[in-house]
Protein chains: 2
Amino acid sequence: MFAGLSAFPLTPMNESGIDEAAFVRLVERLAGAGVDSIGVLGSTGNYAYLTRAERARIVQLAVQHAGTVPVIAGIGALRTRAVQELAEDAQQAGAAGVLLAPVSYQKLSDDEVFGLYRDVTGTLSVPLCVYDNPGTTHFTFSDELHGRIAGLPQVASIKIPGVPDDAEAARARIERLRAQLPPHLTIGVSGDALAARGLNAGCEAWYSVTGGLFPQTALAITRAARSGDAHRALQLSGRLQPMWELFRQYGSLRVTATAAELLGLAEAPSLPLPLKTLAGSDRQRLAEWLAEPALT
Amino acid sequence: MFAGLSAFPLTPMNESGIDEAAFVRLVERLAGAGVDSIGVLGSTGNYAYLTRAERARIVQLAVQHAGTVPVIAGIGALRTRAVQELAEDAQQAGAAGVLLAPVSYQKLSDDEVFGLYRDVTGTLSVPLCVYDNPGTTHFTFSDELHGRIAGLPQVASIKIPGVPDDAEAARARIERLRAQLPPHLTIGVSGDALAARGLNAGCEAWYSVTGGLFPQTALAITRAARSGDAHRALQLSGRLQPMWELFRQYGSLRVTATAAELLGLAEAPSLPLPLKTLAGSDRQRLAEWLAEPALT
């Protein structure tokens, strides 16, 4: 489950609630494309902005509409207690795995983060992916801490925030981390602009924002890299350069939500306030680029 | 209300819930000491870790037990919708004012933060203090943005994260900010280690973690500074140097919660997991220091 393309769909929403019909359409689109797993309630799925009941509902809908594709559910929250409740909800709804980021308000220590994963995996029945995303959690894992957490029961994968933009440096980064991990753990790359680089460097999975909206494109990149055609993977990724530039400027969530609105896959507004999608000339630029045949 | 010593009590809690009796004792202690306001559900009050119902209950308890001291309630949350609900709850419970930090998971833009304050103040009946705390929100206000937000209805004060540790630099910092603000706004300092410096530099208020547990000590510092005795304020603050050092190492929340446990004002554990209070030699060091007569 924690290998290949894991596609992370948006959770389209507005101030009244979740747009369930739009979410179901996104999930069905991913299942139809044959992605390897569907990661709901990731950062792209706006898990941090939803209530417990809304999150349980999203996992239920995803499992109902994902066909045979396994569903991985984000269970991150500030309190250990809340994470445990969310894990229970996700399992009851049929999630095949869970994804846990050490979300913080108070800056966390290594021991506190280890304690979080220990307490949560202690009562967990499905495999867990460690979600390392310092840009949103403001916690930076050391490789040594990854190694300690990797020894806990149910821990099966690590979602890393990205790799250096150089083939050798990327490979060295993955090897350094892998040296700390039991052999059964997979490493998955995120940070879509450098995902091809990460896959080429030996990551088994791509935890992909882009795959949540453009599954065929992300599958083509993943398959090229995983079959050893590193050049082709980079070439395909390079076609998305205009999108990677917007990702850097606005964050991948705002850009992907804007694209979903422009493509008619979500109604505007699709993000929870105070978050806003792109406006003005950058929205126009994205619309023009989406009209080109680079994406499917 | 947004002047003098605003004391921020802990919300003692464990995995089962809030310790209401301990919270009420802390509030009554502050009211008895004659602080100028009580700021519940600040970062010290662990607002980010509590449910909506728990937060409403805390405001109710504080108002019931604060006597004539005005209660300011933290209403920060990731979603504008949630902030508006919390504002409504706080007002219904009798809060005299609210405190709002631009809490983030996705990094926020200036326009998004302005939109948050505009939307929330648009339906607010009590005064609001802007809570500028980049260490926990990961959002950095420009003085220009403070100026724009200060022009919104109900905005009455700004809680700044600290001042430089130099009398002239601190004064220049406050003057630079004040130049952007309408004259009715007050500026309150936090970052307790340099609070005396901030008060001496012209801040009208101290939004104080220390004041939530040691109100007499914090009142003495505040009164010395506000009466023009800058030297005395610094001297009193200097006595707390051992605590400031622990604040820097562990964050003020963990140190204050540990102190409350050691003083019998809260049962251990008093913080929500994964957060932990101090252990080992640093806990011991704090215990020994608390036994000295520097604090009241």
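Please read every residue number as a count from 1 along the shown chain.
Every residue, even glycine, has its Cβ placed from backbone N, Cα and C.
Going by TrEMBL, these are the annotated features:
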type     : residues : note
BINDING  : B:THR44  : pyruvate binding site
ACT_SITE : B:TYR131 : active site, proton donor/acceptor
ACT_SITE : B:LYS159 : active site, schiff-base intermediate with substrate
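Here the features listed in TrEMBL are placed on the structure.
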| residue | record | CB count, 10 Å |
| --- | --- | --- |
| B:THR44 | pyruvate binding site | 26 |
| B:TYR131 | active site, proton donor/acceptor | 27 |
| B:LYS159 | active site, schiff-base intermediate with substrate | 28 |
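A gap of 5 Å separates the Cα atoms of B:TYR131 (active site, proton donor/acceptor) and B:LYS159 (active site, schiff-base intermediate with substrate). Separating the Cα atoms of the residue listed as 'pyruvate binding site' and B:LYS159 (active site, schiff-base intermediate with substrate) is a whole-number distance of 14 Å.
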